[in-house]
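*Asks:* Straight from Swiss-Prot, here's the annotation block:
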- Gly8, Pro9, Arg10, Gly11, Lys12, Met13, Gly97, Thr98, Thr99, Ala123, Pro124, Asn125, Phe126: NAD(+) binding site (BINDING)
- Lys36: NADP(+) binding site (BINDING)
- His153: active site, proton donor/acceptor (ACT_SITE)
- His154, Gly163, Thr164: (S)-2,3,4,5-tetrahydrodipicolinate binding site (BINDING)
- Lys157: active site, proton donor (ACT_SITE)
Amino acid sequence: MIKVAVAGPRGKMGREAVKMIHEADTLELVAVVDSKHDGMLVRQLDGLPPSDAPVYNELERCLTSQTIDVLVDLTTPAHGKRHMEIALDHGVRPVVGTTGFTDEDITNLRKKAEEKGIGAIIAPNFAIGAILMMKFAQTAAKYLPDVEIIEMHHDRKLDAPSGTALKTAQLISEVRKAKQQGHPDETEELKGARGADFEGMSIHSVRLPGLVAHQEVLFGGVGQTLKIRHDSMNRESFMPGVKLSIETVMGIDTLVYGLENIIE
């Protein structure tokens, strides 16, 4: 059994993760970290499963009080990096679903993981379908280099563009030379109308109630277009990827950024 703690158990993703871990035959929920409800049990929190795992309001105290193999962090970009550093310092393997990590952050965290000889995973998106979308988009960009990305999320999402959109753009840029798209003399009547620029690609962010997580990668060529789209209808769609990450992180000794690097 892999012993797992969850940071951020009352968020929408956190609730699904706690439920999945509690029900999984190969995983054991041993604790959760929440800024409120210190000293309570998971089963005493609204909407969470009937688990006797304790609630801690501080990650460090949680890690020193329990035997934990993996920390699943589903908090915020501000907390994700700090929680990852604390977990690595305690020899606990972090699986982090928040975004906002810079290249320098990833380099430093990878160095720390390798010094400790343990695995770590940062996943901008846990939906396996979204990972396949990114892989398909990278392949398409070899032949259709004119591309724009449109990502759509619920209106409570704090960062824009999404980590998935940025990761998609990065993967495309590995096979596509930077090029300016659109008319060379085009103007914006409203600032930002053409989206954010990434090596000539435009990334557009939509935030509306009723959405969960959606992305289109739109390619254009002579006399044709190609659209690659993924939709997460609910947060259960992310749980197979969370479980895969927990199982995978136990067998690696470096930091992996992006589920596409652990899916064959």
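For all residues, glycine too, the Cβ spot is worked out from N, Cα and C.
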*Asks:* Return only the integer: C-alpha distance in Å from Gly8 (NAD(+) binding site) to Thr164 ((S)-2,3,4,5-tetrahydrodipicolinate binding site).
*Replies:* 20
*Asks:* Taking each of the recorded positions Arg10, Lys36, His153, His154, Lys157 in turn and counting other Cβ atoms within 10 Å of its Cβ, which one has the fewest?
*Replies:* Lys36
*Asks:* Among the recorded positions Lys36, His153, His154, Lys157, Gly163, Thr164, which ones place their C-alpha within 10 angstroms of the C-alpha of Pro124 (NAD(+) binding site)?
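*Replies:* Checking each Cα against Pro124 (NAD(+) binding site), the hits are Gly163, Thr164.
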*Asks:* Quick one: of Thr99, Thr164, which of the binding-site residues has the smallest count of other CB atoms within 10 A?
*Replies:* Thr99
*Asks:* Should any of the recorded positions Lys12, Lys36, Phe126, Lys157 have a Cα within 10 Å of the Cα of Gly163 ((S)-2,3,4,5-tetrahydrodipicolinate binding site), which are they?
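*Replies:* Cα within 10 Å of Gly163 ((S)-2,3,4,5-tetrahydrodipicolinate binding site): none.
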*Asks:* How big is the Cα-to-Cα gap, in Å, between His154 ((S)-2,3,4,5-tetrahydrodipicolinate binding site) and Lys36 (NADP(+) binding site)?
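*Replies:* The Cα atom of His154 ((S)-2,3,4,5-tetrahydrodipicolinate binding site) is 25 Å away from the Cα atom of Lys36 (NADP(+) binding site).
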